[in-house]
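For ASN9, the entry in Swiss-Prot reads site 'Discriminates between blocked and unblocked aminoacyl-tRNA', with the evidence type sequence analysis. Residues annotated as tRNA binding site in Swiss-Prot, with sequence analysis given as evidence: TYR14, PHE64, ASN66, ASN112. Here Swiss-Prot flags HIS19 as active site, proton acceptor. The site 'Stabilizes the basic form of H active site to accept a proton' annotation in Swiss-Prot covers ASP91 and is backed by sequence analysis. The annotation region 'Disordered' is assigned in Swiss-Prot to 188-239. Marked as compositional bias 'Basic and acidic residues' by Swiss-Prot: 198-239.
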Amino acid sequence: MQLWVGLGNPGAKYAGNRHNIGWMAVDRVAEDHGFAPWRAKFQGEVSEGVLDGEKVLLLKPTTFMNLSGQSVGEAMRFYKLDSTDVTVWHDEIDLAPAKIRVKAGGGHAGHNGLRSIHQHIGPHYDRVRLGVGHPGHKDRVPGYVLSDFAKADAGWLDDVLRGVSDGAPHLARGDGGKFLNAVALRVAPPRSSTSKPKAQDNREDAAQAAEERSETRTPPEARPEDTRSALQKLADKFR
């Protein structure tokens, strides 16, 4: 079994916060992949399901962010899991919005939710780092992550959540590369194979315009042959 933990704060007040993007991600996975209804357990809410043959328990701690480790530790001990069976989904201010990275182990980088998890299960767990951008100064970080996403963020946020849901089976199998590819296909879909680079379009447009000008240009009219004698030409000149 794998334990996937979505970090966030409980309550409607925090539901749309940047700090709650981890909750949003596991909610989307549960909804799209037919997981069981959420139920209260382990100082949080849990939902069980299967992703490509892998049993996964989703957990949303309701302890508030700074005590998330209590919930994670309790669930891990109950199922006799190792910390390497745990994947934590969390907001990441050091990544631009819509950027995602998968990481195995490491520090908590000042993230209070990760700090709490470190204290209860150690640092050797996996993370899905969900970029939300940085406010520009460290003093503004608390207010920034505890604020709702802007309306302008709705498009990329929906793409990211769809992408992580698409890629969830790959992540469950341990293929982080395919997981990230699935996200990328939602966030930055490839150009159509029939589309042409802009420069090529411009060159073709210019060539076509030149061809059209050439076709529509009226050639000069031919002058009739002058059959007059020299005497007639001289007489006509002085008329």
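Every residue gets a Cβ built from N, Cα and C, even glycine.
The Cβ of PHE64 (tRNA binding site) has 15 other Cβ atoms within 10 Å, all protein chains considered. According to DSSP, ASP91 (site 'Stabilizes the basic form of H active site to accept a proton') is assigned to a strand segment. For the recorded tRNA site, residues TYR14, PHE64, ASN66, ASN112 set the reference point as the centre of their Cβ atoms, and the other residues of that chain within 8 Å of it by Cβ are ASN9, HIS19, THR63, MET65, LEU67, SER68, GLY113. When the recorded positions ASN9, ASN66, ASN112 are compared by the number of other C-beta atoms lying within 10 angstroms of their own C-beta, ASN66 comes out lowest. Put simply, of the recorded positions ASN9, TYR14, HIS19, PHE64, ASN112, the one whose Cα is nearest the Cα of ASP91 (site 'Stabilizes the basic form of H active site to accept a proton') is HIS19. The recorded positions examined here are TYR14, HIS19, ASP91; by Cβ neighbour count within 10 Å, the least packed of them is TYR14.
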